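Copied from TrEMBL, the annotated features are:
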{"type": "TRANSMEM", "residues": "A:12-30", "note": "transmembrane segment"}
{"type": "TRANSMEM", "residues": "A:37-55", "note": "transmembrane segment"}
{"type": "TRANSMEM", "residues": "A:61-83", "note": "transmembrane segment"}
{"type": "TRANSMEM", "residues": "A:95-113", "note": "transmembrane segment"}
{"type": "TRANSMEM", "residues": "A:140-160", "note": "transmembrane segment"}
{"type": "TRANSMEM", "residues": "A:181-210", "note": "transmembrane segment"}
{"type": "TRANSMEM", "residues": "A:222-250", "note": "transmembrane segment"}
{"type": "TRANSMEM", "residues": "A:271-294", "note": "transmembrane segment"}
Amino acid sequence: MLLFLEQLLNGLQFGVTLLLMASGLTLIFGIMNLINLAHGSLFMVGAYVGATAIAHGSGFFLGLLAGVAAAALTGMVMEFVIMRRLYRRDHLDQVLATFGLILFFNEMVSIIWGRQPIAMDPPAFLSGTVEIIPGAPYPAFRLAVIATGILVTGFLYFLVMKTRIGMWIRAGASNREMIGALGVNISLLYTLLFGFGAALAGLAGVMAAPFSAVQSGMGENILILTFVVIVIGGIGSIRGAVAGALLIGLTDTLGRVYIPDLMRLWLPPSVADGAGASLASMMIYILMAVALAFRPRGLFQTHG
Amino acid sequence: MLAKRKKAALLGAAALLMGTCAAGISAQAAEPVKIGMITTLSTGAGYLGDDMRKGFELAISEHDGKLGGADIDLIVEDDGLKPESARQIATRMMESEHVDLMTGIIFSNVAMAVVPKVVRDGMIYISTNAGPSALAGAKCNANYFNAAYQNDNIHEAMGQYVQDQGFKKVYLLAPNYPAGKDALAGFKRYYKGDIADEVYTKLGQTDYAAEIASLRAAKPDAVFFFYPGGMGINFIKQYAQAGLKDEIPLFGPAFSADEHLVDAVGEAAVGMKNTSHWSPDMDNAASKKFVAGYFAKYGAKPSLYSVQGYDAANLIGSAISAVGGDMSKKDDFRAALKKADFSSVRGNFKFGNNNHPIQDFYVREVVADPDGGYTNKLVGKVFSNHVDAYASECKM
């Protein structure tokens with residue numbers, strides 16, 4: 001039972017990492033109507049810049065800031081130089097262009113930092129464990145990730161529901177032409193929004209760096225899951241992103257742990273382990289198929 | 001309507017992502033021996049192939065662009081860790097580039113998509129890393145040589161070591177792909193105690209929190225894990241962060257503790273025992289020359305992947321020299337390869353009946369490198385002239 005609680009916590013933490021990625025991406029996708037495959041590259045930029053700054057003695061918080069700022073800046077430059085030209089184009093053009101950007105960024109970090117992964121340790125005050133569940137010391141940094149996720153979600157809720165910019169964003173999600181006609185500077189709003197989404201991806205990158213390898217292509221794995229999250233949640237919906245991220249985080253984690261065990265009930269262990277692992281990695285896609293069968297436009301729909 | 005179009009576009013997006021990116025680099029020379037190298041240069045495991053290529057190219061540059069007296073045209077292509085794209089590249093190399101031999105694949109799942117087909121079509125393939133069990137036994141082939149190891153070997157050595165150290169209850173983890181299964185099979189062939197649990201994770205998984213929680217609950221007295229590249233970095237870091245480093249010792253093959261991996265993991269990896277067919281501090285002239293030459297050329301420490309690339313190139317050189325650079329003498333070329341007449345940086349090296357190496361295996365320990373970073377130090381020898389478990393099933 002305690003182990004189950006610990007696994008729930010693991011699932012929650014994974015969900016939160018996905019949420020940081022998904023909330024930015026769903027805003028960009030839903031409001032700007034732009035598919036950005038290079039969102040994972042912004043995650044990578046955040047991780048690389050953060051890890052490098054910390055390796056040069058900036059300290060954790062300054063490193064975090066550097067990573068987030070670098071991702072935001074990269075995002076805004078990307079929007080200004082490339083994305084602007086794509087808003088009116090077909091989705092396929094956007095996919096091709098941003099896929100090209102993935103290749104560009106992966107090669108770029110290989111050129112700057114080399115192909116070897118680089119190291120980043122959690123800050124000293126978060127490197128220990130906390131025994132919140134008796135007998136299962138939990139890494140303090142993972143708790144910090146969960147806390148960051150909750151804070152960011154709260155901030156997003158406040159930003160989208162309570163501020164003027166949030167109102168524009170919601171208006172933009174409902175009817176883009178209309179808010180342009182009402183005199184809102186759409187192109188500035190888009191650049192800011194894109195930069196904001198990029199900053200969230202960068203934040204996710206820096207927060208993921210201490211427990212994962214900082215290396216070229218690190219953003220792609222998480223990007224695929226992020227797209228699954230926003231499709232399940234409903235494109236453009238922050239609430240959907242929250243629900244989708246937690247659903248995927250929990251399904252993936254609990255599936256990995258318990259499906260092989262379940263399979264062992266009626267299969268010999270050697271077959272059950274392999275088949276269980278394969279089935280576990282399919283779980284989230286099965287979940288997506290089921291969710292879309294019942295709610296074709298996602299759990300939380302925004303606009304037509 | 002809009003949402004529907006978005007979803008269609010997303011599907012396209014996913015297909016592209018799962019698709020491939022192959023970057024080609026080629027060198028030109030007059031009437032040279034053409035070597036097609038398919039390897040993994042991108043994704044988190046990109047540094048494995050990159051190290052292997054560097055080792056291979058070091059051997060060529062030590063002989064002024066030649067191997068065995070012949071000019072070498074090395075064509076390198078990135079498989080992106082995708083079996084299907086490796087297969088396309090292999091077909092292109094054979095049919096339009098007409099390479100004389102092929103080499104370079106790092107991952108066993110990629111190798112299984114390419115090697116059986118190309119050797120059946122008469123191409124000579126020399127493996128610089130992957131050594132799946134399926135190609136070592138009954139399905140061995142006269143055109144297939146493995147200059148690295150048979151997959152099980154390094155894990156067998158660790159099984160023996162863990163057994164000798166008196167551990168009674170070991171927890172096993174590996175990725176769910178052919179080499180992962182070979183790894184655990186190899187370990188269990190020599191370790192005779194209890195298995196606390198055996199876990200297969202998705203290839204390329206980045207977060208191991210759930211596995212580590214289950215592991216702690218199973219209370220093993222040792223952990224054996226096979227996670228090459230970025231997976232290993234993630235696992236060891238997360239294991240240490242969960243406070244388990246000083247409670248339950250970690251054991252693994254050298255793939256879980258190569259020189260770059262331990263540099264990226266840092267302090268959390270220190271003290272980890274791992275088995276290999278080579279160690280950077282090995283006391284033989286060829287190895288010392290190789291380590292110094294590698295550092296001089298690339299400013300980096302070589303890993304076992306670099307060693308395998310370097311040895312494979314020198315092996316190829318020995319056979320090219322035996323046929324006087326005439327690659328049409330295929331039978332003579334194969335016979336010369338089989339003699340393994342080159343000085344391996346691993347010391348003992350010869351081919352068994354199934355064209356897989358018979359070599360020694362050692363235990364190493366991760367230590368802080370006095371010159372900065374982290375490295376491996378030799379602890380002792382586990383096996384001498386070790387023959388793989390499948391050799392007897394091969395009818396060659």
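Using the three backbone atoms N, Cα and C, a Cβ is placed for every residue, glycine included.
Just so it is clear, the model here is predicted, and its values are computed rather than measured.
Beyond the ends of the transmembrane segment (A:12-30), by six or more residues, the same chain brings 36, 39-40, 43, 142, 145-146, 148-150, 152-153, 156, 169, 173, 193-194, 196-201, 203-204, 207-208, 222-223, 225-227, 229-230, 233, 235-238, 240-242, 244-250, 252-253, 302-303 to within a C-beta distance below 8 angstroms of the stretch. By the Cβ criterion (distance under 8 Å, sequence gap of 6 or more), the transmembrane segment (A:61-83) is counted as touching the transmembrane segment (A:181-210), at least 3 such pairs being found.
By the count of Cβ pairs under 8 Å, the stretch nearest in packing to the transmembrane segment (A:181-210) among A:37-55, A:95-113, A:140-160, A:222-250, A:271-294 is A:37-55. Long-range neighbours of the transmembrane segment (A:95-113) within the same chain, counting only residues 6 or more positions beyond its ends whose Cβ lies under 8 Å from a Cβ of the stretch, are 35-38, 40-41, 44-45, 48, 52, 78, 82, 86, 216-217, 219-220. Same-chain residues lying 6+ beyond the ends of the transmembrane segment (A:222-250) with a Cβ under 8 Å from its Cβ atoms: 8, 11-19, 21-23, 25-27, 29-31, 37, 39-40, 43, 153, 156-157, 160, 173, 204, 208, 284-285, 287-288, 291-292, 295, 297-303.
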